[in-house]
């Protein structure tokens, strides 16, 4: 919806504004941390329900209020939209440090299913926006000047308020699914106490991880492995291997949640709105596909994950170069340019998404502390990426936007 909503705010810089709001939303992380201090040893059930209630309320209010504008420094801005976007950012940023520790008490497939759901939560709204027909336009000659072309937007099949109501229904379904999960669990997951009763997670975490990662290549020694003591798990959490996994999580989320979203419009829109929509939708589809791949083939090699991360960074560097050269990047106006930019977005997000899921799955064996650290790494990386991109996009204007139906690249 960014190509449609951008006239209400800051044009092609709207993704940058949203990235900064997501960064500010990391205050939700502090709220959860405060809750842990005040209620040590409590289950994450209550904060998860609070996050879901806040998300439902914010999205439901977007339906009637998203288009309301108010003057700020003499310019009209969509204050209601940005305020509610901040509310949703607070909820989303808190989710990683609530859901992930909660999932530490469940078998590893639950964790990868969680990331699969996250990917689908990005893909489904994109598909819905395509069905709505948002952002489609054609260039028509001006009736007074035959050499001047004017953009003509096609009407949407249903209004944005309907789009937000559908998202609200999706969040209500998510909340209902969580309540159903609580009812199906033998015992409600709570903070680990070191006792024998741990709900569904009765076996050694490392053994479960090995079994889920390589179900057809299990060795007898893996099945016979004993559960490490809590002290050993704490030491492993502080090991170099765990630190590298947390670093990979921070880097990949800095790119996918902060750096790249801020420049997506600048890298894609010069090639046309079709290229932009394809990059958004197919890039979102790459996320759940990477989760499916991790369910069947989980890379346990730190070198392999590092290589995939480097590959994603290379594609990201290409996309960043296109954004810097906007509105006249290489191959603009050609089918080759469209294919390259869309393919780069798909491969970049696919590689980085797989690294995120794989690194989180490997950290699962560390239990609640490891997954809590993973949630913090995700949020810190996202925050740093968004903060780093705000000055070049919104203050120094390193990236320049174009104008629909105006050729700014002719010599």
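We count from 1, first residue shown onward.
Note that Cβ sites are derived from N, Cα and C of the backbone, with glycine treated the same way.
Just so you know, TrEMBL annotations never went through curation; they're auto-generated.
Sequence annotations record features per position, and here TrEMBL assigns transmembrane segment to 12-35 (among others).
The feature transmembrane segment is assigned by TrEMBL to 47-67 (among others).
Distant neighbours of the transmembrane segment (79-103): 5, 8-9, 17-18, 21-22, 24-29, 31-33, 43-45, 47-48, 51-52, 54-55, 57-59, 61-62, 65-70, 72, 110-111, 114, 189, 360, 364, 368, 371-372, 374-376, 378-379, 382; these residues of the same chain sit at least 6 beyond its ends, with a Cβ under 8 Å from one of its Cβ atoms. Annotation comment: TrEMBL describes 79-103 (among others) as transmembrane segment.
Sequence-distant contacts of the transmembrane segment (115-135), counting only residues of its own chain at least 6 positions beyond either end whose CB sits under 8 Å from a CB of the stretch, comprise 1, 3-4, 154-158, 160, 162-163, 166-167, 170, 174, 273, 276-277, 280-281, 284-285, 287-292, 294-295, 353, 356-357, 360. Per TrEMBL, transmembrane segment is recorded for 115-135 (among others).
TrEMBL lists 163-185 (among others) with the feature transmembrane segment.
The feature region 'Disordered' is assigned by TrEMBL to 191-229.
Panel annotation: around the transmembrane segment (243-263), residues 15-16, 18-19, 22-23, 302, 305-306, 309, 312-313, 316, 319-320, 323, 348-349, 352-353, 355-356, 359-360, 362-363, 373-374, 377-390, 393, 399 of the same chain, lying at least six beyond its termini, place a Cβ under 8 Å from a Cβ of the stretch. Taken from TrEMBL, the feature transmembrane segment covers 243-263 (among others).
Counting only same-chain residues 6+ beyond the ends of the transmembrane segment (275-298), those with a CB under 8 A from a CB of the stretch are 3, 109, 112, 115-116, 118-120, 122-123, 126-127, 129-130, 135, 212-214, 264-265, 267-269, 337-338, 341-342, 345-351, 353-354, 357-358, 361-362. Positions annotated as transmembrane segment by TrEMBL: 275-298 (among others).
Sequence annotations record features per position, and here TrEMBL assigns transmembrane segment to 305-325 (among others). Non-local neighbours of the transmembrane segment (305-325) in the same chain are 244-245, 248, 251-252, 255, 259-260, 263-264, 266-267, 270, 299, 341, 344-345, 347-349, 351-352, 354-355, 358-359, 398-399; each lies 6+ residues outside the stretch with a CB under 8 Å from one of its CB atoms.
Annotated transmembrane segment per TrEMBL: 337-358 (among others), in sequence order.
The feature transmembrane segment is assigned by TrEMBL to 370-390 (among others).
Here the transmembrane segment (47-67) has Cβ contacts under 8 Å with residues 5, 8, 28, 32, 35, 78, 80-81, 84, 87-88, 90-92, 94-95, 98-99, 102, 160-162, 164-165, 167-168, 171-172, 174-175, 178 of the same chain, all six or more residues outside its ends.
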